[in-house]
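Trainee: Can you keep this structure in mind? I'll have questions shortly.
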Amino acid sequence: MSNAYKRVLLKLSGEALMGDDAFGINRATIERMVADIAEVVGLGTQLAVVIGGGNIFRGVAGGAAGMDRATADYMGMLATMMNALALQDAMRHAGIVARVQSALRMDQVVEPYIRPRAIRQLEEGKVVIFAAGTGNPFFTTDTAAALRGSEVGAEVVLKATKVDGVYSADPKKDPSATRYTTISFDEAISRNLQVMDATAFALCRDQKLPIRVFSINKPGALKRIVLGEDEGTLVHV
């Protein structure tokens, strides 16, 4: 079976790295994620990653607690840097060549984000991990995923979550919630579905960049998507 996508952008939430822990990075969880990524890389698909930082610090929560929102968001960007380094290290142990590019300069630790360099690294078969969101406060890492995906020419944004798609309501709170197989960006925005923020949806809609929402906890889901199988929910123009 041939690959459905040549280049994809994988959005990983920081919370997904916690596994069953309450905080931080669960090593077994990150190793399992890397095993899924290795399968996709082995198929020849070029993979970029945007990673969140909510397992360490959330800027929105900091702002709500009375901290200056911009300061809180910069702290959140630094949290994504920690996650990116952990993911890169796990990939190295799995034999995957990965590069971290940061929207905030931290030259002694990672490379700065340079679009042509990122594209070249993807073409060389390296995994490129984008850290520090967009580099600007008030923008989520979901928006960073939409932005970087558009910049590097990804064919789809793969949003890895703890649920297996987009639901009409929170399935944890509403047992009658139903899962969408497909949904348009406009409908997702008008229904205020919280799987991604409206800015990310709008950017992907304008760039005609589809989003597939799937469960990171479902074994083999990432590989099945790359092979073109129907997994999770497709958000489209």
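From the backbone N, Cα and C atoms, a Cβ is placed for every residue, glycine too.
Owing to the predicted nature of the structure, the values given are computational and were not obtained by experimental measurement.
So Swiss-Prot says this about it:
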BINDING   Lys11, Leu12, Ser13, Gly14, Gly54, Arg58, Thr161, Tyr167, Asp170  ATP binding site
BINDING   Gly53, Asp73, Thr134, Gly135, Asn136, Pro137, Phe138, Phe139, Thr140, Thr141  UMP binding site
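Thinking about packing and proximity, how do these listed features fit into the structure?
Mentor: The DSSP secondary structure for Asp170 (ATP binding site) is coil. Around Asp170 (ATP binding site), taking its Cβ as the centre, 11 other Cβ atoms fall within 10 Å, counting all chains.
Annotation note: Phe138 (UMP binding site) sits in a coil segment as assigned by DSSP. Cβ-based neighbour count (10 Å, all protein chains) for Phe138 (UMP binding site) stands at 13.
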Trainee: For Thr134 (UMP binding site), what residues in its own chain, 6 or more apart in sequence, show a Cβ-Cβ distance under 8 Å?
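Mentor: Spatial neighbours, sequence-distant, of Thr134 (UMP binding site): Ala103, Thr143, Ala144, Leu147.
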Trainee: In whole Å, how far does the CA atom of Thr140 (UMP binding site) lie from that of Thr161 (ATP binding site)?
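Mentor: Distance between the two Cα atoms comes out at 15 Å.
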Trainee: Give the helix, strand or coil assignment DSSP yields for Thr161 (ATP binding site).
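Mentor: Looking at the DSSP assignment, Thr161 (ATP binding site) belongs to a strand.
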